[in-house]
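Features reported for this protein in Swiss-Prot:
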ACT_SITE  Y23  active site, proton acceptor
ACT_SITE  H100  active site, proton donor
BINDING   N74, H80, D87, I101, S102, R111  substrate binding site
SITE      R18  site 'Transition state stabilizer'
Amino acid sequence: MKRVLIIHGPNVNLTGKREKEVYGDINYEEINNLIKREAAKLDIAVKIQQSNSEGEIINLIHSAENNFDAIIINPAAYTHYSLAIMDAIAAVSVPVIEVHISNIFGREDYRKTSVTASKCKGVITGFGPYSYVLALNAVKLLEDSIGG
């Protein structure tokens, strides 16, 4: 069974309460339940973490080495400027998939840049909470394609 670390960045814990026109009505607990259901279907074990702190997110990324087979991360606002998170992603050997609930390329100009994406295996953006579902399926497809 593959093990995947899910990292929710700042303010993701407020999903369903803030900016519903951008992030939708689904709340944080419902997103996590959706992730757990899809992971079970795919025979993937998930550990779900959320942090509003850049340093804690970096520590979570570092902890994935030798403990997880992949990381799915929503860096949230850190996407646009955190070179430290980008460097942490580059420092681990496990594949990292970046996800976003909203389509960052359809939003404000300052949100159209992802400094973290360049070190990720891929990016899934704009599919609401299903961005996480698609990312879990991508992990499974990667596993199947490399025989691991």
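Backbone N, Cα and C define each Cβ position, glycine as well.
Feature map: annotations from Swiss-Prot on the structure.
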residue : record                    : Cβ within 10 Å
N74     : substrate binding site    : 25
H80     : substrate binding site    : 16
D87     : substrate binding site    : 14
H100    : active site, proton donor : 24
I101    : substrate binding site    : 23
S102    : substrate binding site    : 18
Any idea what the Cα distance is from D87 (substrate binding site) over to H100 (active site, proton donor), rounded to a whole Å?
-> 19
Provide the three-state secondary structure of N74 (substrate binding site) computed with DSSP.
-> strand
How would DSSP class S102 (substrate binding site) in three states?
-> coil
